[in-house]
Amino acid sequence: MTMITDSLAVVLQRRDWENPGVTQLNRLAAHPPFASWRNSEEARTDRPSQQLRSLNGEWQFVWFPAPEAVPESWLECDLPDADTVVVPSNWQMHGYDAPIYTNVTYPITVNPPFVPAENPTGCYSLTFNIDECWLQEGQTRIIFDGVNSAFHLWCNGRWVGYGQDSRLPSEFDLSAFLRAGKNRLAVMVLRWSDGSYLEDQDMWRMSGIFRDVSLLHKPTTQISDFHVATRFNDDFSRAVLEAEVQMYGELRDELRVTVSLWQGETQVASGTAPFGGEIIDERGGYADRVTLRLNVENPALWSAEIPNIYRAVVELHTADGTLIEAEACDVGFREVRIENGLLLLNGKPLLIRGVNRHEHHPLHGQVMDEQTMVQDILLMKQNNFNAVRCSHYPNHPLWYTLCDRYGLYVVDEANIETHGMVPMNRLTDDPRWLPAMSERVTRMVLRDRNHPSVIIWSLGNESGHGANHDALYRWIKSVDPSRPVQYEGGGADTTATDIICPMYARVDEDQPFPAVPKWSIKKWLSLPGELRPLILCEYAHAMGNSLGGFAKYWQAFRQYPRLQGGFVWDWVDQSLIKYDENGNPWSAYGGDFGDTPNDRQFCMNGLVFADRTPHPALTEAKHQQQFFQFRLSGRTIEVTSEYLFRHSDNELLHWTVALDGKPLASGEVPLDVAPQGKQVIELPELPQPESAGQLWLTVHVVQPNATAWSEAGHISAWQQWRLAENLSVTLPTASHAIPHLTTSEMDFCIELGNKRWQFNRQSGFLSQMWIGDEKQLLTPLRDQFTRAPLDNDIGVSEATRIDPNAWVERWKAAGHYQAEAALLQCTADTLADAVLITTAHAWQHQGKTLFISRKTYRIDGSGQMAITVDVEVASDTPHPARIGLTCQLAQVAERVNWLGLGPQENYPDRLTAACFDRWDLPLSDMYTPYVFPSENGLRCGTRELNYGPHQWRGDFQFNISRYSQQQLMETSHRHLLHAEEGTWLNIDGFHMGIGGDDSWSPSVSAEFQLSAGRYHYQLVWCQK
């Protein structure tokens, strides 16, 4: 029967969720994940424990607009209108309430610690049976791995406890509440709590029991905590595994702890000791603890390159060997320290090839499953990432085990962000909020400190710098001196961080913001008295079509040893699947659920789409981060390994020499390179081509054998060089045919055989082409100076907030999008063997000339049309996005063939990963389906393009798809795009870079802006 102290009314009156001093009630102390094996062999092999029972599955659920609307009767029995939902899940993904996407602005009125009276509340209940033996002895716990944002728990009508911090476990002792037969859990989850003020991360705001729920049965006398650490001699030839074990229960003389260390099936070391801790101070030590030290000779060291894993089994038993319970964890022998301004792993300076990762799934919201986690890790490893930052909260417990075993360095980050506070450190400098912050930091450390993959602790994200940070920094350094601590808030270089860890600092450009300047990363290292390493906690904002200038960072990382890399923002687009009226899925972003406030598509900054399909930018990241570097001198290739610990034992170097994409010679050489070593490869005498063209040498590093994270044939690195070619002059082919010019009042018409070209004399544009009776154009060939805005072009501009510095606003204000052509010249001349059309246009807006474009079209007897373009850009207009031509072709061909850089989309400031070759792709693959439509699909360095009956030659950039720039610009979501008639072709002589240092300020480097004032390009258009 429910007692008065268990009643819902008492809980509602107490309002624990509006008290920063109450972060939990009756929650058990933090510890590493437990399984309570009763067989040490099962613990060693990590088999499922019979003492750990999942409660995942279907639960009863009722949603209420506020906790006060929940009836008292719900504590005892399910309500008649209860629905069924799957746990774990976010209730917004089941149609209850709406997810809210906001970056900085809090989704509730800022009045800490109070939350709105309309506080959506989810009431979960589950009826389950308990094993009879669990009731007879021992302790039965319930573990909630993640509940957003706070909850009260009842069991069989009796109140059990309260928990908040949505990203760490809340664990309660159920022993006194359980009974034989059926038992009923009731969990009241509140969407908002005072904890929400500490969880203002840039992500969807969702609610519910979104991580696993389980029951754990422990013996009455039990292991309550254990911590393992590794120590080494100077050359890492000898190690000590230090294990501190703590017990709970009756402290009996006969109790013993045995710690055994295993490498596969082999026991490496073992030790046994009674309880009784080492002397701490004048009052002695802890009677319920013991520290064992196991010596290990020549340990196999752990790193992300070679994740050697041992297994430590901790047995609590009696003196005669009777096992009470066993716990276990993976062990990696590794040492992390900072020395002489460098972050070292096992004595070697790390280069962090990192990425920030939110826990996100397009169908399941913030629910993570093992398949998705493994998929993320495999993709990261395959694309040369070696590190991940858990942005911005502790992740699902399984994530760390997977990172241990596959090999990724982890920055484990506390669930603290107060980005929307003014000032930002309003809470983090307030002692009333220290208990809440302390719980979030200390419990993270106590849960995760046994994982070798965790090499850095983070105090949180974007919360200013307050006294609470300093206190928690000191606590971590006291409890775990084996790892550095980082924290970006307050300027990235405060006393609360061992690492200078700025976000979006640029390579050479200072950003002197008041109070918290962002110096260039090169300058930061040289500031007076600054001796710390610099690792960017966020950089290269990968929003939409982005990552321009990424190579510049990596040039700096390799040039300056204390610039030790960074973490790209971020891994995965946070779009969510919605369904239209016909049941078709589409990708939604902020505002699509009627959510306010919202930050629109700013939730989509990923290197991969939400379904984990790669963005083209991922290839650029892979190439810049590759572990092999190459240098060509004559016929000698020098290969340098950037692996710190791994000897190349599964790599072949394939080389190919090709002329305009046609292979002339190739070979294969095994790579045998020591860590940080070099290998010199001498190529044979290379063939000299007899015909004109571009001669390229391409090398690929291929892994012939499958690995834990890649299939056989995986390409891990590549490089290309253009070789010197013999001078070759191609004489024009003599043609006896002469094109015929006909002049009318409206047009110039040129005919040659079955081909015709028509130039409109009033517009001055090529208005139509015919092959036989078939028209080739749906729109005239016109100049183009604009692009459908990228996220980086838009910046923070939106309907209600205009950023006049954003590229798109500057282009709009100058009239680039509205410019109209005024004809200055349109003449035709018949030459001895060709017809020459000469045109000139002034592109104007509101009477002001922005661009002058002069063109000649020379149509010769072979049917080739040579187009020469000269453009002048007005000195007082913004640098244009592109200088090129556009038209709508009538043809819709299946495939596109080109000689140039590819195969993936590339742009002038994001093309180091692209290779020059002859490429052939389906037309559909030439379009990149960014959820927020924008300019996409460009291919640079093109010498020849073939599409349908047409061929273009020259030196240009192009994109080709069924969507016009106008449609891309006017459409909010990709699923709303419709394939237009024909095919849109954009051929650019010049295209501005895309930028990507960040997405809220102009970030295209000066060398990739179109600032010259005068431009010249030419191409040939013919029919095959």
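Each residue's number is its place along the chain shown, starting with 1.
Backbone N, Cα and C define each Cβ position, glycine as well.
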Say Swiss-Prot lists Glu417, His419 as binding Mg(2+) 1: which of Glu370, Glu462 is in the same site, per that record?
-> Glu462
According to Swiss-Prot, Asn103, Glu462, Glu538, Tyr539, Ala540, His541, Asn605, Trp1000 bind substrate; which one of Asp202, Asp212, Asp225, Asp876 is listed for that same site?
-> Asp202
Taking Cα-Cα distance, which of the binding-site residues Tyr539, Asn598, Phe602, Trp1000 are within 10 Å of Glu417 (Mg(2+) 1 binding site)?
-> none
Look up Tyr539 (substrate binding site) in the DSSP assignment and report helix, strand or coil.
-> strand
Within 10 Å of the Cβ of His541 (substrate binding site), how many other Cβ atoms can be counted across all chains shown?
-> 24
So which recorded positions out of Asn103, Glu538, Tyr539, Trp1000 end up within 10 angstroms of Asp202 (Na(+) binding site), measuring C-alpha to C-alpha?
-> Asn103
Measure from the Cβ of Glu462 (active site, proton donor) and count the other Cβ atoms within 10 Å, all protein chains considered.
-> 21
Hey, of His358, His419, Glu538, Tyr539, His541, Phe602, which of those recorded positions are within 10 Å of Glu462 (active site, proton donor), Cα to Cα?
-> His419
Same chain, 6+ residues apart, C-beta under 8 Å of the C-beta of His419 (Mg(2+) 1 binding site), given in sequence order = Asn103, Val104, Asp200, Gln201, Asp202, Asn461, Glu462, Ser463
Within 10 angstroms of the C-beta of Tyr539 (substrate binding site), what count of other C-beta atoms is obtained when all protein chains are considered?
-> 26
Candidates His392, Glu538, Asn598, Phe602, Asn605 (recorded positions); nearest Cα to Trp1000 (substrate binding site) turns out to be Phe602
Minimum Cβ neighbour count within 10 Å among the binding-site residues Asn103, Asn598, Asn605: which residue?
-> Asn103
